[in-house]
Amino acid sequence: MAASDSAGDDSLYPIAVLIDELKNEDVQLRLNSIKKLSTIALALGVERTRTELIPFLTETIYDEDEVLLALAEQLGTFITLVGGPEFAYCLLPPLESLATVEETVVRDKAVESLRAVAQQHSPSDLETHFVPLVQRLAAGDWFTSRTSACGLFSVCYPRVSATMKGDLRSHFRALCQDDTPMVRRAAATKLGELAQVVELEYLKSDLIPMFVNLAQDEQDSVRLLAVEACVSIATLLPQEDVEQLSPQDIQNVLRCDTSWRVRYMVADKFTELQKAVGPEITRTDLVPAFQSLLKDTEAEVRAAAANKVKDFCQNLDKAHQENIIMTNILPCVKELVADPNQHVKSALASVIMGLSPILGRHNTIEHLLPLFLTQLKDECPEVRLNIISNLDCVNEVIGIQQLSQSLLPAIVELAEDSKWRVRSAIIEYMPLLAGQLGREFFDEKLNALCMTWLMDHVFAIREAATLNLRKLVDQFGAEWAETTIIPKVLAMSRDQNYLYRMTCLFCINVLAEACGSDITTRLLLPTVLSMANDKVANVRFNVAKTLQRIAPQLDQAVIQPQVKPVLDKLNVDNDVDVKYSASEAITGIAGKLTFFLS
């Protein structure tokens with residue numbers, strides 16, 4: 001028996017060490033111990049965890065923020081360690097203390113854990129233990145506890161009695177009218193979440209007045225959060241009740257708020273609000289509001305509204321869609337095309353092409369085409385890029401020929417832009433342009449441009465141009481590649497600059513896969529083999545890598561007599577990296593072709 005007691009004491013020794021570490025002066029040791037709390041709890045058992053460990057943690061809650069953060073996270077996963085859902089309430093005291101600390105991230109993590117623990121409470125435990133905790137936090141002296149309380153109402157509200165629900169709504173109303181802006185901000189953030197679980201009757205009688213107050217708050221940081229709540233509430237209301245959300249005073253807040261940040265938030269959430277309120281309120285209230293946002297004095301607001309032009313127009317009632325766009329939206333769009341701010345023009349350019357399918361061929365040619373052409377000549381490269389990247393929308397409606405003559409100068413300018421990221425972006429759209437402009441136009445106007453990129457001084461551009469070739473071959477076929485692309489690529493193998501000779505090898509790597517065995521064996525392989533004698537070690541290094549890469553595409557009959565001797569020669573090269581690369585290639589090819597090493 002004595003031996004077994006001794007064994008038991010030995011097994012608890014590490015636990016004693018961990019508990020000592022919880023009291024240690026070294027923060028790192030305390031943090032490590034907190035992260036091993038589940039080990040301590042398992043060793044102690046559920047009863048001792050409830051009666052000893054949790055009270056100990058509650059009493060020693062004052063610590064460094066990083067330790068408290070780890071503790072708040074750990075406690076959220078402790079339900080099974082205290083005996084399951086029926087004892088979940090034991091975790092509330094330490095989490096309540098953590099929800100009142102000054103550091104925001106600790107409070108947020110404590111609230112997250114409290115929400116997880118609340119889900120495990122039975123309805124009776126919620127009323128007995130959890131709701132009183134919410135009420136204490138909501139009535140706390142410090143704003144920290146009141147802000148934390150805002151995040152807890154929605155998790156307990158659906159599962160408590162009607163009387164308690166009324167009490168919770170009263171507490172939340174008080175938080176919406178709190179003297180401290182931080183508390184009102186927290187309430188505004190969680191109002192939409194609470195609206196999801198409140199009965200429709202109380203949504204209309206209690207929560208809408210709360211929203212009205214928040215939407216008229218003196219602090220713009222509160223008003224902008226109310227915008228999001230507005231969307232949530234409008235989504236939940238039946239159509240006949242949505243009008244309650246649109247009294248003139250609220251419309252004035254949404255349309256003409258003195259703070260640009262609030263107007264920006266309205267613009268950002270506008271299409272969500274549009275879907276929530278339906279076509280009637282959209283026509284009477286939201287169309288004028290959207291016009292105001294498109295003409296706003298602040299560029300950030302105009303840019304946010306411009307971003308929503310396509311979605312807003314798409315969501316309009318089909319019976320009035322064309323009339324509203326032509327009468328109300330298009331005049332604003334025409335002004336934005338010439339906006340002094342490049343971010344506004346860029347935002348508009350990213351969506352304006354999407355109006356073509358909505359307005360149809362006639363309106364596109366008459367009204368939108370001049371705007372597209374203006375933006376293709378814009379001084380800002382992002383504007384031109386955004387137009388080019390969305391050409392498919394116009395191509396479906398009127399065909400790209402209407403734009404082709406204006407496209408070419410814009411593409412050439414972008415291709416030669418001093419910023420390499422702009423050049424990189426236009427390369428990405430080249431396969432799309434090739435497909436829409438057709439092979440003949442591409443060969444005549446853009447083929448030379450694609451080859452020029454292969455000799456760019458920036459590696460990222462040469463790499464992008466190489467991948468672009470592969471996509472073009474996929475688009476136009478191997479026969480086109482043989483006559484148009486491959487001769488120019490192979491000519492680079494004789495360039496004076498070794499970087500371009502290496503680019504030739506990179507191109508061969510991607511072309512071999514796209515062009516197939518015949519072209520790879522007949523045209524590409526001889527060039528690769530001839531480059532094995534290059535004076536630059538880096539080129540020889542890449543020759544070995546290329547041979548390994550293209551081997552699966554080669555006619556098997558040429559591998560033994562042509563490829564193997566070259567790799568054997570590179571395998572005894574003076575340069576150690578070349579030898580390594582050749583050795584890897586020999587092993588790699590041998591793994592796929594058993595006759596290779598014989």
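Using N, Cα and C of the backbone, Cβ positions are placed for all residues, glycine too.
Across the repeat 'HEAT' (14-52), the prediction's mean pLDDT works out to 74. Marked as repeat 'HEAT' by TrEMBL: 14-52 (among others).
Sequence annotations record features per position, and here TrEMBL assigns repeat 'HEAT' to 91-129 (among others). Sequence-distant contacts of the repeat 'HEAT' (91-129), counting only residues of its own chain at least 6 positions beyond either end whose CB sits under 8 Å from a CB of the stretch, comprise 54-55, 57-58, 61, 65, 68-69, 71-73, 75-79, 82, 85, 136-137, 140, 142, 144-145, 147-149, 151-152, 155-156, 159-161, 164.
What TrEMBL records for 168-206 (among others) is repeat 'HEAT'.
Broken down by DSSP into helix, strand and coil, the repeat 'HEAT' (207-245) contains 33 helix, 0 strand, 6 coil. Taken from TrEMBL, the feature repeat 'HEAT' applies to 207-245 (among others).
According to TrEMBL, the domain 'TOG' annotation covers 235-467.
Long-range contacts of the repeat 'HEAT' (286-323) within the same chain: residues 251, 254-256, 260, 263-264, 266-268, 270-271, 273-275, 277, 279, 329, 332-333, 335-336, 339, 341, 343-344, 346-348, 350-352, 354-355, 358-359, 363, each at least 6 residues beyond the stretch ends and with a Cβ under 8 Å from a Cβ of the stretch. As annotated by TrEMBL, repeat 'HEAT' applies to 286-323 (among others).
Per TrEMBL, the feature repeat 'HEAT' maps to 329-367 (among others).
TrEMBL lists 368-406 (among others) with the feature repeat 'HEAT'.
Listed by sequence, the residues of this chain that lie at least six past the ends of the repeat 'HEAT' (407-445) yet keep a Cβ under 8 A from its Cβ atoms are 376-377, 381-382, 384-385, 387-389, 391-392, 395, 400, 452-453, 456, 458, 460-461, 464-465, 468, 471-472, 474-476, 480, 484. The feature repeat 'HEAT' is assigned by TrEMBL to 407-445 (among others).
The repeat 'HEAT' annotation in TrEMBL covers 485-523 (among others). Outside the repeat 'HEAT' (485-523), and at least 6 residues removed from its termini, the chain residues within Cβ reach (under 8 Å) are 447, 451, 454-455, 459, 462-463, 466-467, 469-470, 472-474, 478, 530-531, 534, 536, 538-539, 542-543, 545-546, 549-550, 553-555, 558.
If you look up TrEMBL, you'll see 524-562 (among others) marked as repeat 'HEAT'.
For the repeat 'HEAT' (329-367), residue counts in helix, strand and coil come to 33 helix, 0 strand, 6 coil, using DSSP. Long-range contacts of the repeat 'HEAT' (168-206) within the same chain: residues 131, 134-135, 138-139, 143, 146-151, 153-154, 156-158, 160, 213-214, 217, 219, 221-222, 225-226, 228-229, 231-233, 236-238, 241, 244, each at least 6 residues beyond the stretch ends and with a Cβ under 8 Å from a Cβ of the stretch.
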